[in-house]
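Right, one structure below, let's go through it.
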Amino acid sequence: MKFIDRVKIHVKAGDGGRGCLSFRREKFIPKGGPDGGDGGRGGNIVLRVDEGLGTLLDLRYQIHYKAQRGAHGMGKNCHGKNGEDLEIRVPPGVLVYDAETDELLADLTEGCHELVVVRGGMGGRGNARFATSTNRAPRHVQPGVEGEERWLRLELKLLADVGLLGMPNAGKSTLISAVSAARPKIADYPFTTLVPNLGVVRCGGFKTFVMADIPGLIEGASEGHGLGTRFLRHVERTDLFLHLVDLSDLQEGDPMERFALINRELARHNPELMEKPQLVVLSKIDVSEVRERLDAVRAAFAAEGIRTLAISAVTGEGLKELVAEVARELEKLRASRLQADQKAAEEDEPWQPDLS
């Protein structure tokens with residue numbers, strides 16, 4: 001399936017139905033009076049989260065969406081039927097912007113599962129509504145109000161617990177395929193991964209976490225080099241970064257420098273990303289040359305106060321320890337977040353006098 005994470009669509013709510021001009025016509029009632037009904041309300045357009053979707057592909061090929069208009073009013077005081085709402089299903093994690101003003105309308109995550117983006121117009125009033133003591137036969141009716149319309153820009157940010165960082169060919173796709181059921185394309189050339197991939201990792205019992213693999217970063221990515229930072233927004237929601245450093249390619253320079261380079265590009269894209277905790281993972285330790293220099297590299301990171309984990313996604317060495325460490329870190333982060341939320345809730349409680 002093609003991965004689409006940004007689309008622009010036009011939405012038009014339904015117009016309200018027109019009020020009816022009608023007079024009561026019955027035998028033996030020569031002056032029955034007005035009986036024109038009101039028009040129906042136009043339908044709204046609603047964005048609704050569908051947990052089964054993971055891309056905006058369906059919206060790529062249909063740009064214009066129009067809800068049903070309200071039915072016109074009828075005689076005998078019959079009101080027109082309201083137009084049906086039109087639902088547009090989107091994956092969780094979509095940011096909804098007004099395309100003309102760039103205003104953020106909503107973030108459709110777990111806390112917000114639907115959003116009315118445009119509302120239908122009200123139906124017009126029939127002539128029965130305008131009858132007065134001095135005007136027994138009004139011939140005035142109201143047209144329906146036009147429904148709202150606007151251009152929207154939808155941007156998808158994947159929802160994941162752990163994001164994988166690293167240069168191209170660092171082994172990110174191999175890692176996610178080794179610890180989950182995800183099957184991204186894997187090859188021995190840079191930029192094999194062209195779109196983000198998600199994988200669900202089981203860490204014992206019923207506990208799981210979601211890992212996101214994005215295309216690798218290179219120097220100048222914040223300026224658009226390589227694949228740029230287009231896909232970095234997909235790891236902005238993650239709680240933890242796994243920063244993979246490939247030790248097998250000696251031509252790429254010092255591992256510490258490559259580690260710092262990725263962090264510089266990350267900071268240029270969004271300084272807030274640097275506040276997220278990182279676990280540094282030294283990859284491809286199954287290669288003999290890597291074994292020889294592994295201790296020296298770990299010592300260099302340790303001198304900077306950076307703890308490292310060593311793995312081989314091919315042989316499986318170190319993967320069990322890595323998954324366990326990630327699970328522990330996520331548990332700590334969730335516990336601290338829960339504690340902060342409880343503290344904030346206690347501070348928001350209104351003061352009450354002690355009556356004891």
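Every residue gets a Cβ built from N, Cα and C, even glycine.
Source: prediction; values computed, not measured.
These come from Swiss-Prot:
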- 166-173, 191-195, 213-216, 283-286, 312-314: GTP binding site (BINDING)
- Ser173, Thr193: Mg(2+) binding site (BINDING)
- 1-159: domain 'Obg' (DOMAIN)
- 160-331: domain 'OBG-type G' (DOMAIN)
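Recorded residues Pro215 (GTP binding site) and Ser173 (Mg(2+) binding site) have their alpha carbons 9 Å apart, per Cα-Cα distance. In three-state terms derived from DSSP, Lys172 (GTP binding site) belongs to a helical segment.
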